[in-house]
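Have a look at the structure below before the remarks.
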Amino acid sequence: MFIDTAKIFVKSGKGGDGSISFRREKYIAFGGPDGGDGGKGGNVVLVVDPNMTTLLDFTYKRKYKAEPGGNGAGSKCFGKNGKDLHIKVPMGTIVKDVETDKIMADLSKPEDSYVVAKGGRGGKGNCRFTTPTRQAPDFAEPGMPEEERWIKLELKLLADVGLIGFPNVGKSTLLSVVSKARPKIANYHFTTLKPNLGVVSIEGVNNFVIADIPGIIEGASEGVGLGLDFLRHVERTRVLIHVIDISSVEGRDPYDDFLKINEELKRYSVKLYDRPQIIAANKSDMLFDEEKFEEFKTKVEKHGYNKVFKISAATKQGVDDLMKEAARLLSTIPVTDLEISEEDRFIEEEKRFTYSIRKEDNTYIVEGSFVDRLLNAVNVNDPDDLRYFHKVLKNKGVMEELMEMGIEDGDIVRLNDFEFDFLL
């Protein structure tokens, strides 16, 4: 079974809360604040495992959660950091955010990793808020919240050469001849239901990986048949070998097949269509009219395809020359990473200090994660806490934005359930 897409839920660890604590020692009646910071929450990290070849594991487990950070304690004890959760994925995995459908990462190298959900920062303990005028703060920061999201994993094969062509033209047979791969081979459409990989090793040329891409049919670029699920596997290949049944024993027209497959490639991706393509006229051992090959070759050469090889995968005729040409072409084409446009790239939102302000009559409502975090940290009924509260609003630009919106003396500012009268 080949699983090439998976959807999983990931959740990082929440940051530990800062501690509100004061020294309690014999003979020290009024000890100062000594609340420690909370620990950082664990990250969820995707890590490439070169030994993995499918996303099958994610059909059995779909939810992953990292450890939260420990809370701070007295005596300036810091909370323990939560452990990162490492999730292994195969090379060639594309990571997408489900909500936005944007690409987060392309994990195509053995050493690649990506933090898909960042752990929350630990909150500061009350000892961090001591100033010359505030020597006994009785508030501390809560830990930053965890990140959670659904992500989609897409596996795109890391093959150098892709075999394309209609079903039943001999791609699987060719793969079995040039490598040690043993794909399922039979005489019916869609024999290959998953891409098969093999390593081509020919004396005098560098080894390369070749993939037998499942049969493409007319309409594949629109999802017909095996469609888009398998076209995506061709995207990473640097050279395409287009296998054609030149024998016409099934009543197919080789030239018509050639045009239809290339039309599907062009509709799916112009870049894919422009990739170097070698034509392999297969089943030549069953061709009884040599003029048919010459006629076919002349027609495809008019489209700019000058590398046309007459082969027979069954008898191995012409196969070595075909593979050597593929190796030669590969040596001229550098390996490139997947290009991610700005439109498709996922941009992480800044979640630490986010807020918005809206006006209802003479009331200005401030809301957002910043507001929740601030109100959780302070006691608005305590004068020292309230002074700190107003200082934070000023430092973070809330007061300035309120004045730009035209707030006047006596107007009400509301943050969740807390309200105060604005004074210039």
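Note: Cβ is positioned from N, Cα and C throughout, glycine not excepted.
Quantities reported herein were computed from a predicted structural model and do not represent experimental measurements.
Under the heading domain 'Obg', Swiss-Prot lists 1-158. What Swiss-Prot records for 159-331 is domain 'OBG-type G'. The feature GTP binding site is assigned by Swiss-Prot to 165-172, 190-194, 212-215, 282-285, 312-314, with sequence analysis given as support. Taken from Swiss-Prot, the feature Mg(2+) binding site covers Ser172, Thr192. Swiss-Prot lists 345-424 with the feature domain 'OCT', giving sequence analysis as the kind of evidence.
Using DSSP to sort the residues of the domain 'OCT' (345-424) gives these counts of helix, strand and coil: 29 helix, 19 strand, 32 coil. The secondary structure of Lys171 (GTP binding site), as reduced to three states from DSSP, is helical.
The number of other Cβ atoms within 10 Å of the Cβ belonging to Lys283 (GTP binding site), over all protein chains shown, comes to 24. Of all Cβ atoms in the protein chains displayed, 31 besides its own lie within 10 Å of the Cβ of Lys171 (GTP binding site).
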